[in-house]
Number of protein chains: 2
Amino acid sequence: MSFDETSQILDVPRGGPLELARAKSSFNWKKMKLFFEDLDLINYKNQIWDTLRKDADFIRPTEEPSLMEQKKICQKRCLKIKKYNFINEDIQMERPLKRILFDEAIVLWDIDTSVKYSLHFQMFEQLLKTLGTLRHQQFVEGCEKGDIFGCFAMTEMSHGSNTKNLKTTAHYDPKTEEFVINTPSIEDCKIWVGNLGKFATHSAVYAQLYTPDNQCHGLHIFIVPVRDPYTMALKPGVICGEMGPKAGLNGVDNGFATFNQVRIPRENLLNKTGDVTPDGVYVSPIKDAKKRFGISLGALSNGRVGLTYYAHSVQGMALTIALRYAAARKQFGEPETPILEYQSHEYRLMPLLAIRYTWHAFSMSFFDNLSEFLIGLFTGDKSDRQAELGREIHAISCVSKPASSWNTQRVIQECREACGGHGYLKASRLGDLRNSNDPLLTFEGDNNVLIQQTRQLAETPLKTVEFLRNFDQKLQVKFKSNSKEDLLNQKSLMEMFDWLICYMVKISHDKLQNNLKKGQDLFTARNENQVFYSKSLALIFMERQLIERFIEKINQNKDESLGKVLNRILYLAGLYLLDNHVGLFYQGGFYSTEKPVFLIRECILELCRELRDDAMGLVDAMAPPDFVLNSVLGESNGE
Amino acid sequence: MSFDETSQILDVPRGGPLELARAKSSFNWKKMKLFFEDLDLINYKNQIWDTLRKDADFIRPTEEPSLMEQKKICQKRCLKIKKYNFINEDIQMERPLKRILFDEAIVLWDIDTSVKYSLHFQMFEQLLKTLGTLRHQQFVEGCEKGDIFGCFAMTEMSHGSNTKNLKTTAHYDPKTEEFVINTPSIEDCKIWVGNLGKFATHSAVYAQLYTPDNQCHGLHIFIVPVRDPYTMALKPGVICGEMGPKAGLNGVDNGFATFNQVRIPRENLLNKTGDVTPDGVYVSPIKDAKKRFGISLGALSNGRVGLTYYAHSVQGMALTIALRYAAARKQFGEPETPILEYQSHEYRLMPLLAIRYTWHAFSMSFFDNLSEFLIGLFTGDKSDRQAELGREIHAISCVSKPASSWNTQRVIQECREACGGHGYLKASRLGDLRNSNDPLLTFEGDNNVLIQQTRQLAETPLKTVEFLRNFDQKLQVKFKSNSKEDLLNQKSLMEMFDWLICYMVKISHDKLQNNLKKGQDLFTARNENQVFYSKSLALIFMERQLIERFIEKINQNKDESLGKVLNRILYLAGLYLLDNHVGLFYQGGFYSTEKPVFLIRECILELCRELRDDAMGLVDAMAPPDFVLNSVLGESNGE
Ligand SMILES: Cc1cc2nc3c(=O)[nH]c(=O)nc-3n(C[C@H](O)[C@H](O)[C@H](O)COP(=O)(O)OP(=O)(O)OC[C@H]3O[C@@H](n4cnc5c(N)ncnc54)[C@H](O)[C@@H]3O)c2cc1C
Ligand SMILES: Cc1cc2nc3c(=O)[nH]c(=O)nc-3n(C[C@H](O)[C@H](O)[C@H](O)COP(=O)(O)OP(=O)(O)OC[C@H]3O[C@@H](n4cnc5c(N)ncnc54)[C@H](O)[C@@H]3O)c2cc1C
């Protein structure tokens, strides 16, 4: 890394209440920033932010606008961002990571706008491109020209998580070569659809496809015009409106819709995986139903990988706010001490910061996997590696999205509390962050339902996951560190995670077999294996991922000046996560005396203290500029 | 309990989606209701609610009013409630519990109004009565007549938790027989003061009292007129205004204030514990500084006991909403299954419901203790029992307020998630409950700071707490249950809690001694003993309280039909709480094999399932009427 590169990163303000805390840093924060994102990426985000900053449409209102006004502002911003053409296929091809950094740039600025934008430009348009064919090019062009504004209508009033049972129908009528979209009863109306409340002209509707012989061919996606793009009048047979005020995200117009025998041309079916001939015969280019399913899995992973990244970046803002406040705020002691220097405050925040760093490395590396997979899709790669990658991304995203969004929700709450009364000011932004992150726990797969999908791990213990080789041997290992030195190294950490996973796999597997032996069917046996087993296993699996990928990342570091602090982050994050599983370590015999707990906790507290001196450097390396952060508490000058 | 009594409680609606779930109940919910609150109390709350329901000022606005409008509505409601005279000294004397049930009735209806009301009528007026003397009768009368609207100004910009260091001064000027109230610098301005933003006419200001010899006599309370009661113009030298939008509670006008040499009559000092003679000599009727401190401790406990109750009642609403939704909402399975019947959903909600019941018994019993103490104060009781009670209430309230408010915050979040997308609708009320409960974690003593006060427990292991007798003997006990029967009884549960506390006291004590031996001073040694020790100990102490008092309560039950379900609540709550401490049980050698964990968790899951059938009965017994609950999800007919 050359001196030139750091010099191209803007300084933080000199002076002010954070000066003292910054002076303690053991490393150059600009080098740390460059270790995670190169200059090309940093500049890319900064250019986006600079553009928004200079645009009057992006000025933050001084008073909270009415709900209606919020939706209008959000819509306007969304279209404006599209016009700026910050991201397009060329940019994405050249540097896939820019797709997600673009999302991050917008999310940090304004979460509502980002959600609205991705519903139209990423979900709707993406569906047209991936599941549509040439004949849908007209819709893509409509999106690009701004004649079409889309939304994605899956959820129904009676069926949310259980998408298989959606009731909306699409009957094919060969006489007119049309599909007839219909909502059987009021309980089957589409709900929650983002953009549908007010602005959408077209909706991608999930419906059960019926051929004239009255056979059902399962869920397919139909492009249904819902409003006239010029007058915004509803199309005949379509009734839709607003869901009403929400706990947050009120810039997005979530809506409901019923379809009363709405006719659309046969060509509006997205037909990549299945089609109906003009005379009404169902045909599919992909014979293998499993493979068809695989393709749509891929499309869904896309969103979850994005949300994983999205949540971790919101988390970074909350920690920036709370840590800068903690370094500047003094209370008690003589002379008065910054609250960050109290053991309990340190322990509340420093491990969360360390873990945020592991999420950062993970989210980028995971997005790299996704990009590789998508390029494979695009180039028609049919290799085993491609298929494996698809399944792996699916499995990991089913736990990374829940884990990332849950973790972020907890971190925001802790940061709010860590700022005392000031954290409760709207102007701290912490309340808004909490309210806006909250729906992530539910949409694109409810967290608690999604996480059940990773149960495969427990059911085929020895095949799925590489590190489960030498299963029995790994289970034999016992805690044997006698000192800090024994404990604080990559091998010890990974040994502990491996043992933990093997033990969890073992007891989950035993439990499931037991359930089956008791005569339970598989559906019940799996359900009764959720609590204490599958769910915990999935979350521990995720924690191991975080640590494993962070190790991969820091092993690439060549800069000695960063080595120490990167190791401390690793050790603190790793031990803190492991320390949540003390019970399991004893239960399975990995610990057998009081000592491991005392030793590990001593190390945790020591690492908190050591890392505290680097807290401001670590924050500066991850914080967006003040005008993006937009919090009266977290400003870079500490005031 | 006679048949007559249950017949006087309003029925829940027949039919509807909850009918089936209700039919499973093993007991009569009205009897359960009467077990916790007798008819006199139930009718008392219902009368309040009926009155509010019929009053146009209490109609809930269909659209969210502007922030300014919210404050006006809240102020109006507050004065109206006072006019209704629901609570007064006579009622309180006759039935002390009605004080807290009055609070509950208002809180459940509208949290903002309740907070505003208590700041003026309970905090401000109460201070006048308890720390003022005869000469402050005029202010009390002003409050009653509505000429005075008060607030309580303690917090300053630079000093929140660290109240000892507050900087506002009150210099006595014998020439004019006035105090001069002054804000030394902008950082010392009073902030966050509820009611001060817009409506307060008088403020109870905490300031350092100086006599003419320039000696400081510490913090005292001064009644400072801030606005003209007729024109609402600010008094000379007073600058105050709004704190600005908050993350919730926007009906309350929190304000800031600076005082520029504001002169007030000598008599405006609340002089129960200390006074200044006209010529400027400080005198105190209570020579013993410790005792003086004790009296103010008592006054502060009052608020915390109230908040303990307040949070647990908000928690009850969140659980009502989530459990009714869970019984009515079906998803997956053939035929589709109510989500409450999935193990993971059961485990997410049923233990929380059981624990809510223990909080209910605790909060009522704890309020009884407070009432006894306050009556003692009033009648001038100087017995040892009275002094002990005061200290005990202080110690317990320092942990019950944090534990109750934290627990409620977590429960609300879980309930929001348990309702899926619908939980995110503003109309579910869950978002608003979360935002309104949130500041409880901070005000009347920041939770993390407050909980440090209970460290005495660790420092004098053998004296303070009755159950710590036979300390060593209790520590010798090991887990020895071989079956459900061995485990599920009061003795086993209490043995486990006792062991846990003794073990925590032991290791905390050892740790502190170690810190001191390492040469740390007491301030540091204590600070370094927070994480893993004092804080955990305090929370476990609270959990033991919950279980101990719930046992006391259910042992009073004479009705066989309630016995089974009350026991299940006890066992589920107890085991769930204990199961969070698996690590400690192994660490200290109470467990030594895998078996205890498996046995306890099997019991927990079984109890969840058994109690599930009684869920609707338990909810009906604690739920307020629908028009109070005010959630589109939690209505009593399940629709
Ligand atoms: C802000 C927001 C925006 C949205 N945008 C869109 C959109 O643009 N398009 C769209 O189609 N949808 C959208 N949704 C809907 C969202 O996808 C659904 O809310 C989500 O899929 C969950 O479905 P549900 O709300 O019906 O919950 P349910 O599926 O009814 O689940 C309710 C609860 O039951 C639990 N549960 C359910 N099944 C089980 C089981 N088998 N075992 C254990 N527990 C179970 C869940 O964990 C959850 O806690 C949006 C939602 C929100 C809040
Ligand atoms: C909605 C609302 C209403 C309020 N109403 C009133 C009112 O009517 N009148 C009034 O006087 N005040 C009021 N307050 C102020 C409230 O009492 C203070 O916010 C509270 O006392 C905490 O003080 P602080 O905000 O300065 O936080 P600080 O004391 O600065 O604490 C900030 C953080 O540091 C931590 N911390 C502080 N000291 C230590 C330590 N020694 N060890 C470890 N950690 C530590 C805390 O846990 C906290 O997380 C209100 C506040 C709110 C939010």
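Backbone N, Cα and C define each Cβ position, glycine as well.
TrEMBL: automatically predicted annotations, no manual curation.
What you see is a predicted model, and the numbers here were worked out from it, not measured in a lab.
Record features, source TrEMBL:
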- B:E444: active site, proton acceptor (ACT_SITE)
- B:T155, B:G194: FAD binding site (BINDING)
- B:151-262: domain 'Acyl-CoA oxidase/dehydrogenase middle' (DOMAIN)
- B:298-456: domain 'Acyl-CoA oxidase C-alpha1' (DOMAIN)
- B:491-639: domain 'Acyl-CoA oxidase C-terminal' (DOMAIN)
Original post:
Who sits close to B:T155 (FAD binding site): which same-chain residues at least 6 apart have their Cβ under 8 Å from its Cβ?
Top reply: B:K190, B:I191, B:W192, B:V193
Original post:
So which of the recorded positions B:T155, B:G194, B:E444 end up next to chain A, with Cβ to Cβ under 8 Å?
Top reply: B:T155
Original post:
At the Cα level, what's the spacing in Å between B:G194 (FAD binding site) and the residue listed as 'active site, proton acceptor', rounded?
Top reply: 12
**OP:** Tell me the Cβ neighbour count for B:G194 (FAD binding site), meaning other Cβ atoms within 10 Å of its Cβ, over all protein chains shown.
**Re:** 25
Subject >> Helix, strand and coil residues within the domain 'Acyl-CoA oxidase/dehydrogenase middle' (B:151-262) as assigned by DSSP >> reply: 6 helix, 53 strand, 53 coil
**OP:** Quick one: give me the count of other CB atoms within 10 A of the CB of B:E444 (active site, proton acceptor).
**Re:** 20
**OP:** Please work out the helix, strand and coil residue numbers for the domain 'Acyl-CoA oxidase C-terminal' (B:491-639) from the DSSP assignment.
**Re:** 114 helix, 0 strand, 35 coil
Original post:
Three-state secondary structure of B:E444 (active site, proton acceptor) from DSSP?
Top reply: coil
